[in-house]
Amino acid sequence: MAEGNEGQKEKSMKILLLIVNCILLSIGTAGGPLVMRLYFLRGGHRVWLSSFLETAGFPVMLLPLAVSYIRRRRSHSATPLVSMKPRLFFFSALIGLLTGLDDYLYAYGVARLPVSTSALIIAAQLAFTALFAWLLVKQRFTAYSVNAVVLLTVAAGVLALHTRGDRPAGESTKEYIMGFLMTVAAAALYGFVLPFMEWVYKKTTQPITYSLVMEIQFVMCFFASLFCLVGMLIDNDFKVIPREARESKYGEGNYYAVLVGSAVIWQAFFLGAIGVIFCASSLLSGVLIAVLLPVTEVLAVIFYKEKFQAEKGVSLMLSLWGFVSYFYGDIKHAMDMKKNNNDTRDAEISLPQYS
């Protein structure tokens, strides 16, 4: 009975963690692109700085890591300060470098495209996530999950139908096309990173706890920030940032507030993304990112006065349909598994016993 209660408690805790990480991912997915775009709309021009801010908020992880360490220390006095083993550290650092490259590609695209065209990023990213999840972690697809991927991809594609006339004023066709290509490249790369992270979870020899997930997040963001920091040094961003702040028509305080806000919101995105992978799967992480696209669109309409065309309404409905389809299939699969387990247990109990 005690083991059953312990198992139920662990299951409830994992569900709670999943909910918390879904919230963090939602905040980061919906708010990150808006705050990043705000920097460029207010006169910012530094792409490497924007990419750096996507992971530069990693020091905030020291607080929850310290709390987790203190709690573990109370239970086991011999608890090491860092539980990550060298092999896992290596893969976390590698993922961090890939993420840093992805940050730059994405920031380059955001600098040249309006928020609406992020639909192209999300559409491609979900497709790549599904492909690499199947190749790397043998993700099993049901009719419901396939339906969700198709609907969410089509939903983002519908938004893309209206992007031909949305080139920002003063931007050349060449710059716009480069921004478009960079966003597609960023989508492909991050579509690989999510399943690769899940593959690392499955292949590591040490137990994956949420505390370890936070350590992975810290190392990953450190190396991603280091990658972008080198780019900032080469591009002389540190010399330009004070001048941009002084010349900002909204004031230096607001300029730096946007930078700090961007770093914090993006940190929520990355922690939420790898947390959802830990609690569920990389495919669910990709689905959540995709389904939150219409939320970003609505927020762009509210804050940046972008037009809400009929295409965006259709996209919203398709995204919600795909979201419901995925979770209905997930719940149905869990219920079927539970029923099969109960049937197996009942069959074992009914077998005749011979002495």
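Just so you know, glycine gets a Cβ as well, placed from its N, Cα and C.
Keep in mind that this is a model prediction, so the values were computed, not measured.
Per TrEMBL, transmembrane segment is recorded for 15-35 (among others).
The annotation transmembrane segment is assigned in TrEMBL to 47-67 (among others).
What TrEMBL lists as transmembrane segment is 88-107 (among others).
Feature annotation from TrEMBL assigns transmembrane segment to 119-137 (among others).
Look at TrEMBL and you will find 144-164 (among others) tagged as transmembrane segment.
The annotation transmembrane segment is assigned in TrEMBL to 176-200 (among others).
Through the fold, the transmembrane segment (212-234) approaches residues 46, 48-49, 51-52, 54-58, 61-62, 64-65, 68, 82-84, 88-89, 92-93, 95-97, 99-101, 103-104, 206, 267, 270-271, 274-275, 278 of its own chain, all at least 6 residues removed from its boundaries and within a Cβ separation under 8 Å. The transmembrane segment annotation in TrEMBL covers 212-234 (among others).
Under the heading transmembrane segment, TrEMBL lists 254-276 (among others).
The annotation transmembrane segment is assigned in TrEMBL to 283-304 (among others).
According to TrEMBL, the transmembrane segment annotation covers 310-329 (among others).
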| Highest-contact recorded stretch vs the transmembrane segment (15-35), from 47-67, 88-107, 176-200, 283-304, CB pairs under 8 Å | 283-304
| message | As a test: from 47-67, 88-107, 254-276, 283-304, pick the stretch that has the greatest number of Cβ pairs under 8 Å with the transmembrane segment (176-200). | response | 88-107
| note | Top stretch by Cβ pairs under 8 Å to the transmembrane segment (283-304) (candidates 47-67, 88-107, 254-276) is 254-276
| field | Spatial neighbours of the transmembrane segment (47-67) far in sequence, C-beta under 8 Å, 6+ residues away | value | 32, 36, 39-40, 96, 99-100, 103-104, 106-108, 110-111, 211, 214-215, 217-218, 220-222, 224-225, 228-229, 231-232, 234-235, 237, 241, 259, 262-264, 266-267, 270-271
